[in-house]
Amino acid sequence: AISMIIQATGASSLLLNTGALYLSVGGMLMFVFTFALGAGPVPGLLLTEIFPSRIRAKAMAFCMSVHWVCNFLVGLLFLRLLEKLGPQLLYSMFATFCMMAVIFVKRNVVETKGKSLQEIEIALLPQD
């Protein structure tokens with residue numbers, strides 16, 4: 001989210017063109033770097049732990065398909081949205097989605113570190 005805010009600031013900056021360019025490119029590089037170290041590999045790692053073993057293969061196939069279709073759509077539509085909405089609004093929207101994802105993960109995703117698969121399955125069962 002911070003890198004998207006940096007990009008939005010660079011896009012709407014009243015700095016010289018080179019300063020805004022460096023700010024925007026730096027924000028993009030920061031996003032790619034932090035995504036690769038943080039949120040990027042999470043779907044593949046987390047999904048193997050949260051699905052019961054009897055449906056794991058099919059659920060992983062479905063979830064990863066949805067994941068890559070969404071990635072494809074973002075890549076396909078990014079330049080069109082950039083032209084229509086402008087960089088400040090588009091990067092602000094991405095920053096908002098990133099912050100919403102952080103809030104969702106903090107509230108809903110169970111910590112799996114150091115737990116067996118059975119303990120994780122028990123933690124994910126609905127509480128009555």
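The chain as shown is numbered from 1 upward.
Backbone N, Cα and C define each Cβ position, glycine as well.
Whatever TrEMBL says is automated annotation, not expert-curated.
Summarising the annotation, TrEMBL assigns domain 'Major facilitator superfamily (MFS) profile' to 1-113.
Taken from TrEMBL, the feature transmembrane segment applies to 20-47 (among others).
Annotation comment: TrEMBL describes 59-82 (among others) as transmembrane segment. Same-chain residues lying 6 or more positions outside the transmembrane segment (59-82) and placing a CB less than 8 Å from one of its CB atoms are 43-44, 47-48, 51, 90.
Taken from TrEMBL, the feature transmembrane segment applies to 88-105 (among others).
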DSSP residue counts for the domain 'Major facilitator superfamily (MFS) profile' (1-113), split into helix, strand and coil: 92 helix, 0 strand, 21 coil
